[in-house]
Amino acid sequence: MSIKNIRAREIFDSRGNPTVEVDLYTCKGLFRAAVPSGASTGIYEALELRDNDKTRYLGKGVGRAVKYVNEFLGPALCTQNLNVVEQEKIDKLMIEMDGTENKSKFGANALLGVSLAVCKAGAAEKGVPLYRHIADLAGNPEVILPVPAFNVINGGSHAGNKLAMQEFMILPVGADSFKEAMRIGAEVYHNLKNVIKEKYGKDATNVGDEGGFAPNILENKEALELLKTAINKAGYPDKIVIGMDVAASEFYRDGKYDLDFKSPDDPSRYISPDKLAELYMSFVKNYPVVSIEDPFDQDHWEAWTKFTAASGIQVVGDDLTVTNPKRIAKAVEEKACNCLLLKVNQIGTVTESLEACKLAQSNGWGVMVSHRSGETEDTFIADLVVGLCTGQIKTGAPCRSERLAKYNQLLRIEEELGSKARFAGKNFRKPVFN
């Protein structure tokens, strides 16, 4: 089934910034995809093309990316008579047309919008759910429901508080199903709201970009204490573990780290990577912290390797690896981390995302599928995580519709699978099939 027409437009993401949406038409109908964008972006990510016209959307318009889809990528794909099930062929053609290392000609946001829409159309052409089509593309005979990592306390670049570390997450690994994991997560979230309100007042329960609370606390340990209290109040101390996304590149300063980076600069308070690693180890010792993402700067390889060897927990590469096979290969060689954060817009096509996932998994790593802080109502990543069998997803708190859109889609998938549904649970790092 060939492509009849492709049209792109500017729409808005959850932060009110323009982003790219693509409509792809085949004789089976219309297939629509929207592209997310991040706030704390790694310097090695594929280029998200913005207009940089300060008179329009403060320079954040995506008119050029839309134009490239409508005038170049779309017409080229329509005239090639390609079948939408040929995901790799279509993605490789777009990559060749762009011709740059980081997709800077057309923009990763232009390519990704088309790539996602093609994938949705491919599933319809085969008459299968999107997650099954993705599983086929990845060579997975089985599918698995992930453990959700709910980002319930926000700091860093995602919130206006003093907290340096960006995300404090709860993972209901003790649940028996995705549906139960959602219930546990929602109950802890509401308990946390009450705990924060009692301690810091009602305005402390305002939410950040990803639906988590952003109380004005400075000590990262205090965020963990709040989580511990809420988990106990909800009655789930044996069913929940904690994950963190430190996003340390955001407060990296000349080989050291500034845990009060939102205050006026003061080099005397910077701490060494060893001191920061000690702080992480104290978290692991005193709280059920089992996963830490981006504990150090994206180029601080030595600190990563040392910490991964010593910590014994899941160490997730995001800014370090940027879903890029070259960066992943280097991280494997350096033993810098043991889990990949998979963000489709960091690399720009479905095919390359699948390649990155397979590379990580073949080297014994875990993989966590992720949203971005600037999201849309698109639910592609819910099907992606099921099809790729990664066992873990982070797509915000159980709050804000652009976050719940993904979680609700996972509930539907679990229901559709019925007795065949398998939930990763405690095996979230390396899901197993019985």
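Yeah, the Cβs are placed from backbone N, Cα and C, and that goes for glycine too.
Residues or ranges marked as Mg(2+) 1 binding site by Swiss-Prot: Ser40.
Residues annotated as substrate binding site in Swiss-Prot: His158, Glu167, Glu293, Asp318, Ser370, His371, Arg372, Ser373, Lys394. Annotation for Asp318 (Mg(2+) 2 binding site): spatial neighbours Gly42, Asp245, Ala247, Glu293, Asp294, Leu341, Lys343, Ser370, criterion Cβ-Cβ under 8 Å with sequence separation of six or more.
The active site, proton donor annotation in Swiss-Prot covers Glu210 and rests on similarity to another entry. According to DSSP, Glu210 (active site, proton donor) sits in a coil region rather than a helix or strand. The Cβ of Glu210 (active site, proton donor) has Asn151, Asn154, His158, Glu167, His371, Ser373, Gly396, Ala397, Arg400, Arg403 as same-chain neighbours under 8 Å, each 6 or more residues away in sequence.
In the three-state DSSP assignment, the secondary structure recorded for Glu293 (substrate binding site) is strand. Residues or ranges marked as Mg(2+) 2 binding site in Swiss-Prot: Asp245, Glu293, Asp318.
The annotation active site, proton acceptor is assigned in Swiss-Prot to Lys343.
The Cβ centroid of Asp245, Glu293, Asp318 marks the Mg(2+) 2 site; residues of that chain outside this set whose Cβ lies within 8 Å of it are Gln166, Glu167, Met244, Val246, Ala247, Ile292, Asp294, Val316, Gly317, Asp319, Leu341, Ser370, given in sequence order.
In the three-state DSSP classification, Asp245 (Mg(2+) 2 binding site) falls within a strand. DSSP assigns Arg372 (substrate binding site) to coil, not to a helix or a strand.
Close to the recorded substrate site, the chain also has Gly38, Asn151, Gln166, Glu210, Asp245, Leu341, Lys343: residues not among His158, Glu167, Glu293, Asp318, Ser370, His371, Arg372, Ser373, Lys394 whose Cβ is within 8 Å of the site's Cβ mean position. For Ser370 (substrate binding site), the Cβ neighbour count at a 10 Å cut-off comes to 27, with all displayed protein chains included.
Highest Cβ count within 10 Å among the binding-site residues His158, Arg372: Arg372.
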